[in-house]
Amino acid sequence: MNRTFSLRRKVKKSEISTPSNFEHRIHAGFDARSGTYTGLPKQWQALLGPPRSISRPKPMVDPSCITPVDVAELKTVIRGPSSSFRYNSPLPFGMTNSPMPSVARSNSLRISATASPVVNVSSARHSFRPTLPPVSQRGYPFNDPSYAPLPLRNQKPPMSTTFGVEKPHQYQQIITIVAPSRTTTPQLQPKSPSTPQAMRQQPKCTEGVSDEEFRNALKFVVDGTDPRSDLTDYKQIGEGSTGVVEAAYKISTKQIVAVKRMNLRKQQRRELLFNEVSILRQYQHPNIVRFFSSHLVDDELWVVMEFMEGGSLTDIVTATRMTEPQIATISRQVLGALDFLHARKVIHRDIKSDSILLKRDGTVKLTDFGFCGQLSEEVPRRRSLVGTPYWTAAEVIAREPYDTRADIWSFGIMLIEMVEGEPPFFNDQPFQAMKRIRDEHEARFSRHAKVSVELSELLSHCIVKDVNKRWPAKDLLRHPFFAKAQHSSSIAPLLLQLQGNTINGNNPPTHHHSSQITTVIQ
């Protein structure tokens with residue numbers, strides 16, 4: 001025994017050599033200015049997802065108060081780096097020999113974050129949830145245990161609402177087939193903060209229609225032709241939770257078009273597909289993005305629309321400084337589209353710079369109609385909480401009945417965007433911003449903003465909590481400020497300046513805020 005121990009003590013440990021031919025290929029760092037990691041391998045960066053500062057706030061739907069006729073769910077705003085959209089070519093004012101001229105993001109051509117940011121909400125808040133499908137099937141923000149709707153003041157039971165229109169249209173009848181109205185709105189009762197386990201135990205709602213029934217209903221609002229024979233040279237320029245967006249060359253008209261491709265079987269709420277298609281199909285206006293056609297291709301819905309090569313207004317407000325004549329020129333066109341919609345009792349409910357697209361000649365057009373609401377004599381106001389928090393009207397956040405003038409509040413916030421580069425309270429988390437919008441005084445231009453008396457007065461007619469004092473779009477168009485408006489071509493220098501920043505490697509600056517999540521509340 002002793003001999004054995006002595007032998008063990010004499011055994012020499014093998015020496016481990018130092019590393020040889022060592023190469024340090026990864027040099028990770030942290031950029032404090034942008035709040036992002038640098039030098040990470042692509043696989044690691046994919047796990048982290050894109051930084052919050054790249055993503056614009058993304059609409060989300062509050063399930064606690066949904067009018068039965070409203071079909072608005074979580075909408076992914078497709079958005080991406082400006083350098084990825086332009087086919088690596090300059091922005092000419094004339095067509096080139098190539099069938100694919102230089103283009104910028106357009107018509108919801110915005111790439112969304114692959115990993116949705118988490119809304120930071122105190123777990124002490126109560127959660128109000130009606131009978132809805134399990135959160136595991138509904139995705140962000142519903143499967144986030146920290147998510148809860150905004151607490152209300154003097155909450156009253158929601159009124160039951162039925163859908164009615166003055167002049168029924170075919171698409172509205174189809175929507176009734178797909179998403180039949182309930183006679184009463186579910187009563188909302190407070191619950192303790194939900195844990196992931198409790199959320200998984202929620203009862204499951206049965207689907208109203210089968211895949212085949214939905215497909216048959218959708219055939220009433222789409223063209224019966226196959227668009228693939230007339231489209232070529234596809235180039236994916238966007239991707240979101242509803243599908244992908246591609247630029248394509250339309251052979252018959254020899255033009256670039258935007259094609260949204262949405263898989264019917266992968267939609268969290270398929271009936272939402274009716275909303276944008278129906279609005280674009282029915283309403284044509286010089287300042288509304290042009291709709292060409294929609295098609296059922298296998299299990300996908302294809303929507304072919306005008307390609308807006310100038311990009312979104314967001315690119316301009318974050319990268320350039322606009323003059324008041326340029327602000328007036330853009331605002332006049334936006335109000336023209338709103339006046340057209342409001343005269344037809346349509347509420348857009350998501351007015352912001354992301355929803356405003358431009359042509360290369362400076363023409364401004366309104367897009368993103370997935371959250372529209374239709375009013376009628378039977379339903380003169382809506383109650384559903386819909387909108388992007390920083391732009392949402394105070395009465396919408398307070399869940400009071402609202403009408404088309406809710407869009408005017410959002411338009412006023414967009415005026416502040418064009419002057420200051422971002423909406424008020426953008427440093428706050430979405431729900432904190434909503435509380436401030438609801439409880440504090442109306443937002444105004446900052447003291448450092450050098451604006452004219454006319455522009456300040458215009459803003460005061462838009463952002464006012466007394467809805468009766470808020471001017472409609474047709475009255476705003478007659479405001480003295482719009483005497484400064486010029487021809488749409490006056491916007492072209494902004495697009496050239498934006499293009500120059502991209503060519504020189506200076507991408508348009510993004511808002512570096514932790515609250516870079518867009519929150520839309522329905």
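Using the three backbone atoms N, Cα and C, a Cβ is placed for every residue, glycine included.
Here is what Swiss-Prot says about this protein:
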{"type": "ACT_SITE", "residues": "Asp350", "note": "active site, proton acceptor"}
{"type": "BINDING", "residues": "Ile237, Gly238, Glu239, Gly240, Ser241, Thr242, Gly243, Val244, Val245, Lys260", "note": "ATP binding site"}
{"type": "COMPBIAS", "residues": "183-204", "note": "compositional bias 'Polar residues'"}
{"type": "DOMAIN", "residues": "16-29", "note": "domain 'CRIB'"}
{"type": "DOMAIN", "residues": "231-482", "note": "domain 'Protein kinase'"}
{"type": "REGION", "residues": "183-208", "note": "region 'Disordered'"}
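Distribution of Swiss-Prot features across the structure.
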residue	record	CB count, 10 Å
Ile237	ATP binding site	25
Gly243	ATP binding site	23
Val245	ATP binding site	25
Asp350	active site, proton acceptor	27
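A gap of 20 Å separates the Cα atoms of Gly243 (ATP binding site) and Asp350 (active site, proton acceptor). Tertiary proximity for the domain 'CRIB' (16-29) is limited to same-chain residues at least six positions away from its ends with a CB under 8 Å from its CB atoms, namely 37-41.
Per-residue pLDDT, averaged over the domain 'CRIB' (16-29), rounds to 80. Asp350 (active site, proton acceptor) falls within neither a helix nor a strand when secondary structure is assigned with DSSP, and so counts as coil.
Here the domain 'CRIB' (16-29) has, by DSSP, the following mix of helix, strand and coil residues: 0 helix, 1 strand, 13 coil.
Residue pair the residue listed as 'active site, proton acceptor' / Ile237 (ATP binding site) shows a Cα separation of 22 Å.
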